[in-house]
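For reference, the structure is listed below as structure tokens.
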Protein chains: 2
Amino acid sequence: MEEVKEEHAVHHMNKDLLIDSLKNEDIEGFRTEFLELHPYDQASFFKELDEEHREKIYHYLSPEEMATLFENLEIDDDEYKDVLAEMNPNYAADMISKMYVDDAVDVLNELEKDQAVSYLTIMDEEAAQEIKDLLHYKEYTAGSIMTTDFVSISANQTVRSAMYILKNEAPKAETIYYIYVLDEQKRLLGVISLRDLIVNDDDTMIADITNDRIVSVSVGDDQEEVARKIKDYNFLALPVVDFQNHLLGIITVDDVMDVMEEEASDDYSKLAAVSDMDTIDRSPLSAARKRLPWLIILLFLGMMTASLIGRFEETLNKVAILAVFIPLIAGMAGNTGTQALAVAVRGIATGDLEKENKWKLIVREAGTGVITGAICGILVSIIVFIWKGNIYLGILVGISILSTLIVATLAGALIPLLMHKFKIDPAVASGPFITTINDLISILIYFGMATLFMNYLL
Amino acid sequence: MEEVKEEHAVHHMNKDLLIDSLKNEDIEGFRTEFLELHPYDQASFFKELDEEHREKIYHYLSPEEMATLFENLEIDDDEYKDVLAEMNPNYAADMISKMYVDDAVDVLNELEKDQAVSYLTIMDEEAAQEIKDLLHYKEYTAGSIMTTDFVSISANQTVRSAMYILKNEAPKAETIYYIYVLDEQKRLLGVISLRDLIVNDDDTMIADITNDRIVSVSVGDDQEEVARKIKDYNFLALPVVDFQNHLLGIITVDDVMDVMEEEASDDYSKLAAVSDMDTIDRSPLSAARKRLPWLIILLFLGMMTASLIGRFEETLNKVAILAVFIPLIAGMAGNTGTQALAVAVRGIATGDLEKENKWKLIVREAGTGVITGAICGILVSIIVFIWKGNIYLGILVGISILSTLIVATLAGALIPLLMHKFKIDPAVASGPFITTINDLISILIYFGMATLFMNYLL
């Protein structure tokens, strides 16, 4: 989004002074102090204000100054429309047109369609066109996070003239550290770094120092793929091309860091069955609304477990002590399943789990299930025998743990693999979900065996 | 680690050709093809070879060329020592001395102490000293991930002379896009970006364009703190200083991406109770060894639950049907606890959860527990009543769910907050751990109430 930064300076923020100058309507005092701040700090300050003070800021700052702040504003997606509604529409449209185009697109994507269209209608036509070109890319693709603010040159010129172009474009471009070399049809020929320009003589021809074997991504590629490439190759930016190799935009490392954080947070919250992580600020009601769908699904899955146990009521009536070990066995199944799940989901997410490795993973998990099952099974047999003095009960619980751990470990690995195969995001197979599935399996094994070998238990 | 890259070129790898030239000992053919590859691709190719072919590579590449490959090698920490053991010690030491110093430190940190010392003894003295200076910083601190390969200048010179220094230092520095301005005592005065140098006239004095309000981190700061700053402010690098503001090193954005991935993966695996995520390649035995400690702890916690139920054996003997709802109640407690835990752990990790917000979070979670508990409780009461035709049983299960959800939600939020307060990484309070704690609480509530109101159930 924001240019790959060199605005390294950060002023130690004098909050009280800023708030005082807002209260006293000391415009000059406010501007002097505020514009010294790094945009990220400007945004942090802005975020904490109430509406009355925010509205003052819209009057004190130009749309261009507000655009810089807005690019750095980290608020919930659904809050953008409220903040924009506080501004005069012309001011808002002007501000959006002054933002880096990828950030402008992110903001417009959060608005109702008419709202977005009305801003586009009143803003500068050229800016509106640039935004519209980007608006139609699907979410989570390279196209949706790229920017068109890059520097490009043609190959048949010298380092000197390239430096001249660079100086002119520096204020607007997101990064000036990579310069893309294009042919007449705007097809990507190669890339040259500012480092290359600097270490070479002024009269060197660009064509002679262009790197022509370039890594690029397609406009429809997944943003995770983009993040992985930038991370693996340590790039500062990656060009985005269409199928004819026309350069459409670039994606910079700072945007990719946001993607990485988003994806990590997403996987994490899915493992915990919280649909999209709620921030601290939400009310209990809205937090409950986010968690309840999961809890109710899990409640019904839990009722299935209950009705399964209900089928063994007769067994239970005869040997009530069986109930004592239900949470232990179900719990162990859940735990081991979650472990296996996490390994598989991360393997898929990081790309480690390529086709050739899938069978390897399944065999590995089966082996792991046997080993952990055997050790935990023997341990639990001994403990139960010592505790309850019943060798048969010990063996029953031990064997249940053994078979449960094998099945649950395999299920934990297989379910995400299957989901991935059927193009469902495997992270949806959250911890609690796998846990409940494994509850069912483990209860069936435990009570099934108890019923079969009832005579030894009585 | 590796320089913030401009080696943008990536050759489409011709694996067969490379392997053929290795087999035929066609050194020149191999080198021509191999050295065209991006170091990341070189490393990927190298990683897939067997020992015999790897040893050929040590003969075909200079220590310097091997250093570039090694910087990009992503293998498990404990595998570095095996790979190094394949090389001639002098070659290995020479290679390490040619690596970016932060990468060299990472590698040496993975070796036995004598081994590391012996490499340091035989390598170039200057390089050894640079490495030793970095080796004593604690893991996970800014010092442990910084590099000393940065460009610094003094303030009293022109843009022209600064550019001259830059051209000379370009080949060795990790980034040339930020230049740090120091006083005579090597204290950090400010920073200037290459962009600043380029847009200003050659005769401008550096002092006039230096940003003197600079964001830096202390050498002992946590690496997560560094990552957050680079991400929030969109920097390409961040300077690391001691308490007297002497510039000790810099941390570049590519290193921070590795930190982010590491920390995200770490939090994720802890939620799933897998101590450090195992890669797909591990054997079942080593995977089992990583998971067993957790499983055995959880087994003993599970035995506590079992013994708790054991105390209510009398109740169970009278009303065996109570057992039917054990997994449901325990499961719901575990699920809601994991949700609350995940929100709190992420809040702590991202820094959203500052002091002022802690009470807010606790109150919010209590409210959330009441709402989700009431809804799930009423739902379950109705279902149980319809299913079993016993209104008292329905009410018992419903109230158990209500109180369990309140307590479990609060526990899920409070436990990580308390751990954070006592300086324990809250992510250690993994999902299965919280689940088992909540099992205990829920069973106590359920059977406690059942025993109290026994008369209504019979």
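Note that the numbers count up from 1, one per residue, in the order the chain is shown.
Glycine residues also receive a Cβ, built from the backbone N, Cα and C atoms like all the rest.
Lifted from TrEMBL, the feature list:
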| type | residues | note |
| --- | --- | --- |
| DOMAIN | A:146-209 | domain 'CBS' |
| DOMAIN | A:210-268 | domain 'CBS' |
| TRANSMEM | A:292-309 | transmembrane segment |
| TRANSMEM | A:321-345 | transmembrane segment |
| TRANSMEM | A:366-387 | transmembrane segment |
| TRANSMEM | A:393-419 | transmembrane segment |
| TRANSMEM | A:440-457 | transmembrane segment |
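Just going by CB pairs under 8 A, the stretch in A:292-309, A:366-387, A:440-457 that sits most against the transmembrane segment (A:393-419) is A:366-387. Beyond the transmembrane segment (A:366-387), the same-chain residues lying 6 or more positions past its ends with a Cβ under 8 Å from any Cβ of the stretch are 325, 328, 332, 336, 340, 393-395, 397-399, 401-410. Sequence-distant contacts of the transmembrane segment (A:440-457) (same chain, at least 6 residues past either end, Cβ-Cβ under 8 Å): 301, 304-305, 308-309, 311-312, 315, 318-319, 322, 325-326, 329-330, 332-333, 390, 392-393, 396-397, 399-400, 403-404, 407-408, 411.
Summarised as a single figure, the pLDDT of the domain 'CBS' (A:210-268) averages 88. Note: the domain 'CBS' (A:146-209) comprises 21 helix, 18 strand, 25 coil (DSSP; helix = H, G, I, strand = E, B).
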